[in-house]
Amino acid sequence: MKLSFDLKKKNGNARRGQLTFERGTVQTPAFMPVGTYGTVKGMTPEEVKGTGAEILLGNTFHLWLRPGQEVMKMHGDLHDFMNWHGPILTDSGGFQVFSLGKMRKITEKGVHFRSPVNGDKIFMDAEKSMEIQKDLGSDIVMIFDECTPYPATHNEAKKSMEMSLRWAQRSRDHFDKLENPNNLFGIVQGGVYEDLRDVSIKGLTEIGFDGYAVGGLAVGEPKEDMHRILEHTCPQLPEDKPRYLMGVGKPEDLVEGVRRGIDMFDCVMPTRNARNGHLFVTGGVIKIRNAKHKTDTTPLDPHCDCYTCQHYSKSYLHHLERCNEILGARLNTIHNLRYYQRLMESIRKAIDEDRFDEFVTEFYERRGREVPPLAKEQ
């Protein structure tokens with residue numbers, strides 16, 4: 001089913017909306033937990049839903065390698081396979097291929113690489129990506145693109161962006177040929193170069209997509225460049241389509257993305273950091289392994305309503321971390337995912353109440369920091 005996007009309110013550049021799918025609604029700005037292999041690591045779908053998540057991200061590349069398309073089709077689709085019946089967005093596999101480094105060779109046709117699972121020679125292109133994502137039953141399908149590395153010269157970024165545009169057209173054509181009833185998002189590329197981003201946006205909007213992602217950021221570039229590119233890019237994207245910042249990020253990055261007009265985010269940070277004992281709280285980050293928490297009988301965050309904070313102390317979580325107990329990673333993950341969803345809930349409430357600027361100020365004050373200036377203010 002084609003999504004509908006209802007842009008309900010704006011407060012400055014911050015946008016408050018609702019995405020409606022056949023499988024449910026998603027309030028925006030939204031954060032999508034990452035379920036790389038058909039699971040948010042260590043969590044049941046019910047637990048993930050209990051944190052407030054309304055949409056998940058699945059990984060086309062990894063699910064293609066394991067368990068494969070045939071197993072997926074035996075179950076129906078990814079929703080049935082993992083027992084998550086809300087909306088799912090799947091990335092196209094482009095970033096994972098980019099991450100393989102020397103193990104892959106990129107050509108106009110697509111990407112040749114060796115499987116990180118068993119070393120087999122594999123080829124992926126725009127058409128294959130569209131076919132896999134249709135079999136996954138993805139509510140939002142991402143085009144196949146090349147993630148421009150950082151650093152890249154203007155000429156390197158230009159060639160990469162132009163090839164991604166050609167792949168975008170191929171993705172659109174094959175998506176339509178497959179008669180996929182769901183939604184296809186374009187991905188803006190162009191590195192840190194504003195003129196290349198302009199060309200990418202123009203090409204993508206001429207092709208026409210159900211939503212637009214900003215890709216090729218959070219790949220090593222300075223934060224100032226990411227903010228500058230977002231400020232330049234977002235105003236040029238269609239007002240009535242959702243905007244998705246891929247692979248971002250820290251709580252501060254989510255706030256800064258919303259300040260610049262982003263509606264959707266995903267990142268492994270809350271789950272990966274949880275497994276490493278780095279826990280997000282109102283004032284910043286707690287490293288639960290540190291010795292000072294051994295005798296601290298207070299909850300992680302007195303403002304948090306998650307299962308972990310309602311039932312366990314820092315002392316207990318410290319003990320689990322020191323003993324490498326699986327329960328520790330699970331409780332940490334529940335907390336971090338709930339922190340991210342509470343952050344998004346607070347952002348949405350602030351936009352609804354026309355007090356987003358005040359929210360941003362308070363957010364940074366609790367961290368003992370100044371609000372970063374917008375690029376146009378510098």
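In case you wondered, yes, glycine gets a Cβ from its N, Cα and C as well.
Keep in mind that what you see is a predicted model, and the values were worked out from it rather than measured.
Swiss-Prot annotations:
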type	residues	note
ACT_SITE	ASP91	active site, proton acceptor
ACT_SITE	ASP266	active site, nucleophile
BINDING	ASP91, SER92, GLY93, GLY94, PHE95, ASP145, GLN189, GLY216	substrate binding site
BINDING	CYS304, CYS306, CYS309, HIS335	Zn(2+) binding site
REGION	247-253	region 'RNA binding'
REGION	271-275	region 'RNA binding'
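Other than CYS304, CYS306, CYS309, HIS335, the residues of this chain whose Cβ falls within 8 Å of the Cβ centroid of the Zn(2+) site are, in sequence order, PRO299, LEU300, ASP301, ASP305, TYR307, THR308, GLN310, ILE334, ARG338, TYR339. Classification of GLY94 (substrate binding site) by DSSP places it within a helix. Straight-line distance linking the Cα atoms of GLY216 (substrate binding site) and ASP266 (active site, nucleophile), rounded to a whole number, equals 14 Å. SER92 (substrate binding site) has CYS306 as its nearest neighbour among the binding-site residues CYS304, CYS306, CYS309, going by CA to CA distance.
Here the C-alpha separation of CYS309 (Zn(2+) binding site) and PHE95 (substrate binding site) works out to 35 Å. In the three-state DSSP reading, GLN189 (substrate binding site) counts as coil. Note on proximity: among ASP266, CYS304, HIS335, the recorded positions of the record, the Cα nearest GLY94 (substrate binding site) is that of ASP266.
Looking at CYS306 (Zn(2+) binding site) and the residue listed as 'active site, proton acceptor', their Cα atoms lie 29 Å from each other. The DSSP breakdown of the region 'RNA binding' (247-253) into helical (H, G, I), extended (E, B) and coil residues amounts to 3 helix, 0 strand, 4 coil. Annotated substrate site ASP91, SER92, GLY93, GLY94, PHE95, ASP145, GLN189, GLY216; additional same-chain residues within 8 Å of its Cβ mean position, judged by their own Cβ, are VAL97, PHE98, MET142, ILE143, PHE144, GLU146, CYS147, SER164, ILE187, GLY215, MET246. Here the recorded positions are ASP91, ASP145, ASP266, and the one whose Cβ sees the fewest other Cβ atoms within 10 Å is ASP266. The DSSP breakdown of the region 'RNA binding' (271-275), given as helix, strand and coil counts, is 5 helix, 0 strand, 0 coil.
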